[in-house]
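Look at TrEMBL and you will find 7-89 tagged as domain 'Prepilin peptidase A24 N-terminal'. What TrEMBL lists as domain 'Prepilin type IV endopeptidase peptidase' is 101-203. Taken from TrEMBL, the feature transmembrane segment applies to 71-89, 95-111, 118-137, 143-163, 175-208, 220-243.
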Amino acid sequence: MTAIFFLFGLIFGSFFNVVGLRVPDRSLFSEERSYCPNCHKKLQWYELIPVLSWLFLRGRCSGCKAAISPMYPLMELFSGGFFAFSFWYHGWSLPLIYALLLGSLTHILIVSDIKYMVLPTPIILFFLALFAVYFLFDYPEPLWSPLVGGLLGAGMTALVILISKGGMGGGDMKLFGLLGFVMGVKALLLTFFLSAFFGAIVGGGLLVTKVISRKQPIPFGPFILISACITHFSGTMIIDWYLGSF
Ligand SMILES: [Zn+2]
């Protein structure tokens, strides 16, 4: 069953790539087949198989030979792994659905943020609605937690934006608002802390190795989302460890 979840994760992941790529670009979800963004060659069925097609094409479009970013097969593997791990971790239960929603959100927004430096509002609102429906079946505890978490998430980010003058953007604020709503106050605070920590390490590392310059902005969304996923699966453990170390 875990293997089947892995396969489903790959297939959904390939769809999430398309969503993350097309929503910020305002391309419509017409019936139009997937195409190469460079030469607009329509892709054949054998060019649409998750991960394998990229390997088979050696990372290039079969029409114009433009390089296809390894981000796409890597993100498909991420969703495959995430779906499989979620099933292994939660089994058949409501929290499995919660985890799959969180993983899907993570995949779509990472693609948008890396490609365009944008966390699209329609995606954030769509997942806000999905999680609100989820909460009808699995009440958050305490009941006020989503509201307070959402306000705190957006408020804390707004404060950082004001103080740092552009360290984070409006998209980050909406995302932290959503995550506060979805995860509650405690998990939100851990996610906030972890994302700052990972962002500082990776950002600092890229600066020191001169991969990026000081003026070059790096998308912060991936750090937030990966931190949210880590918090979901091991947040209680990390908080216990932290409180226990005093
Ligand atoms: Zn092409």
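For all residues, glycine too, the Cβ spot is worked out from N, Cα and C.
Unlike curated entries, TrEMBL annotations are predicted automatically.
Taking DSSP states H, G and I as helix and E and B as strand, the domain 'Prepilin peptidase A24 N-terminal' (7-89) has 43 helix, 4 strand, 36 coil. For the transmembrane segment (143-163), the residues of the chain that approach it from at least six positions outside its boundaries are 135, 169-170, 172-174, 176-185, 188, 192, judged by C-beta separation under 8 angstroms. For the transmembrane segment (220-243), the list of distant contacts is 82, 85, 89, 98-99, 102-103, 105-106, 109-110, 112-114, 119, 168-169, 171-172, 175-176, 179, 183, 186-187, 190-192, 194-195, 198-199, 202: same-chain residues at least six beyond its ends, Cβ to Cβ under 8 Å. The average pLDDT computed for the domain 'Prepilin type IV endopeptidase peptidase' (101-203) is 93.
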